[in-house]
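Structure first, then comments.
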Amino acid sequence: MTQLTITRPDDWHVHLRDGEVLKDTVRDISRYNGRALIMPNTIPPVTDTEMALAYRERIMAEQPSEQFQPLMALYLTDNTTPDEIRKAKESGAVVAAKLYPAGATTNSDSGVTSAQKIYHVLEAMQEVGMLLLVHGEVTAHDVDIFDREKEFLDTVLAPIVNDFPNLKIVLEHITTADAATFVKNANENVAATITAHHLLYNRNHMLVGGIKPHFYCLPILKRNTHQLALIEAATSGSKKFFLGTDSAPHAKGAKESACGCAGSYTAHAAVELYAEVFDLEGKIENLEAFASHNGPDFYGMPRNADTITLVKEEWNVAETMPFGSDIVVPIRGGETIAWAVK
């Protein structure tokens, strides 16, 4: 197959940052997505409804494509209240709340120190029908960075799923076979997003032949056996897995340093990169469900009414892209991608 028309996709996990860079990140994410769920770990984090609505206004001020709708999320802290959850739900603009274990990833220092501290908040979320988004890693110093997702599943997420069976939960950017199996075996209220870079790459790509800082992200790339399990899950047609890029830009200098930031930028070509994976697996016919159907179905939203067309046509990716007054190195920068949006 050399051409494929699919329902317009959505991105259910993306970082746009804030300030002068919004003009560039909004341009890329709105190019063909109908909706994008905007992560709240900005500086300062989006911890209440007023902040979420103000952030949404700043995004919309960049005049994204007419079809584009940003969806907002709250950043959960130990001090989040049930009343704030109800207020967010009533706003109509905030569709989820995000659990960042404190210190697990970029700008997460204000996150939740213990899941038990927000159980009353999770109860309110279950009651009003607000989704819980989860960065699934523990932060204990004695847990190896490659094992943090598995440990989180066992010690944090499994109890939450058990204690809140009617709470819809999205395990974000899964990176292990363990996570894929957990989601498959969990009740129908548990789903997961999978990034393009975790499907395309494993830790060898990041570490062999020299450190490749633009592959460094959190959760970190795992061994190839986990990569293969993610590919199987994403391309399987299962309604439990859907597109969430976790596109997370940092300026080139912030990545290429002695203490580089975590995050890979894929918003410039997300659906094209996913198409490569599905095509290589001989499952290109399942791309539409993963990219365009499963996400809105799980969130209880209508699917987009229009379409985009992909063609199997190689194109060159710019080595760098504008990022406010700086530049960002995108995934595949200076290389080619096999599929293009027509």
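Note: Cβ is positioned from N, Cα and C throughout, glycine not excepted.
Among the candidates Lys89, Lys98, Lys168, the one that Swiss-Prot lists alongside His13, His15, Asp246 as binding Zn(2+) 1 is Lys98. Among the candidates His173, His197, His198, the residue that Swiss-Prot names alongside Lys98, His135 for the Zn(2+) 2 site is His173. Swiss-Prot lists His15, Leu16, Arg17, Asn41, His135, His250, Ala262 as binding substrate, and of Leu74, Leu167, Leu218 the one it places in that same site is Leu218.
Of all Cα pairs drawn from His15, Leu16, Arg17, Asn41, His135, Leu218, His250, Ala262, which the record names as binding substrate, the longest spans 19 Å. A coil conformation is recorded for Arg17 (substrate binding site) in the three-state DSSP classification, outside any helix or strand.
The shortest Cα-Cα distance between His135 (substrate binding site) and any of the recorded positions His13, His15, His173, Asp246 is the one to His173. According to DSSP, Lys98 (Zn(2+) 1 binding site) is assigned to a strand segment.
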